[in-house]
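J.: Quick one: this structure, given as structure tokens, is what I'll be asking you about.
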Amino acid sequence: MSDKTVYSRRNLAIDMLRALTMFIMIFVNDFWKVHDVPHWLEHAVYGEDFMGLADIVFPCFLFAVGMSIPYAIERRYAKGFSAESTLGHILSRTFALLVMGAFITNSEFRLSPEAPYPIGVYWFLMAIGFIGVWNQYPKPASGTQKNLFRAFKIIGVLVLLYLAFTFRNPQGGVFGAYWGILGSIGWTYLVCAVIYIFSRDRLQYLLPAWGAFILICLLGTPLREGFGGEAILAFPERNFYQGMLSILHIGNGALPAFTMGGVILSILSARYAGKGDGWKLRNGLTVAVLLLLVGIGTHHFWIVAKMGG
């Protein structure tokens, strides 16, 4: 295991990756309002052998989530929290992402004219509810302050319940449970964080887990048309294999593979933090070249695309 004191120090590389990813996300989110945007900046269409700038945001975000997991969990252990408490914390964060994802995804379909509020009010109340429930409140200095923070949370819950029960989409449908991208991040975070709790920073367990996610992705992703255009494991519908992946919310393995890759990079950076810059550069470039060669080799059989993930 690596020196756990490394995890007590902030990793600026993670903050930089988060900031860059958020900046690009904000930048590309306005492209739908603009005409004649260069294709390399946009999302690729389904089945296209290409990834634009907009397509790399989600994978980078997942990678940053993975890089944060060892630091977050090891810091909790350093503060004296138990594994059970840490697991409960992970479950609560996953639940928050699922709920927020459901509210945001429902709003993407806009509202029925019969809804008791316009979409702008829905978004405003949704934000108020999120802040009330999941704001990081300071440690209460008195009983009055504690009750005040509790009241804010209760108000947030009531606001979200009101929106959920009164929501109507343009077709008159009620509030749906699909969690969207935020929920996908939540499930992926849950899977990788739970794996880390059991393995800690032991790469002899994490590397096989990462390899398993990659293998699931390779076997479940359709090959190029020249190789039949079907996945290697193209089972009929309602099979046990796909059912197990659905229960664990692994999908085709791409999302947890990105996240677990971030976990492993964080562990390696912590384990070899004391090495010289030259050593880090040589070994980092070596691993990068090897992964690039693997990518070039697999590209012969599969296309490069985000939509299939």
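Don't overthink the numbers, they just go from 1 along the chain as shown.
Keep in mind that glycine also has a Cβ here, set from the backbone N, Cα and C atoms.
Unlike curated records, TrEMBL annotations are generated automatically.
As annotated in TrEMBL:
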DOMAIN    10-113  domain 'Heparan-alpha-glucosaminide N-acetyltransferase catalytic'
TRANSMEM  12-32  transmembrane segment
TRANSMEM  52-73  transmembrane segment
TRANSMEM  85-105  transmembrane segment
TRANSMEM  117-135  transmembrane segment
TRANSMEM  147-165  transmembrane segment
TRANSMEM  177-198  transmembrane segment
TRANSMEM  205-223  transmembrane segment
TRANSMEM  243-273  transmembrane segment
TRANSMEM  285-305  transmembrane segment
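Burial and contacts for the listed features, if you can.
T.: Listed by sequence, the residues of this chain that lie at least six past the ends of the transmembrane segment (52-73) yet keep a Cβ under 8 A from its Cβ atoms are 7, 11, 13-14, 17-18, 20-21, 24-25, 28, 31, 39-44, 86, 181, 185, 188-189, 192-193, 196-197, 201, 255, 258-267, 270, 306, 309.
Non-local neighbours of the transmembrane segment (85-105) in the same chain are 73, 76-77, 126, 129-130, 133-134, 160, 163-164, 175-187, 189-190, 193-194, 197; each lies 6+ residues outside the stretch with a CB under 8 Å from one of its CB atoms.
Below 8 angstroms of C-beta separation, residues 58, 61-62, 65-66, 69-70, 73, 83, 86-87, 90-91, 93-102, 104-105, 108, 205-206, 209, 248-251, 255-256, 258-260, 263 of the same chain, each at least six residues beyond the ends of the transmembrane segment (177-198), sit close to that stretch.
Sequence-distant contacts of the transmembrane segment (243-273) (same chain, six or more residues past either end, CB-CB distance under 8 Å): 2-3, 6-7, 11, 13-14, 59, 62-71, 184-185, 187-192, 195-196, 201, 203, 206-207, 209-210, 212-217, 220-221, 279-280, 283, 308-309.
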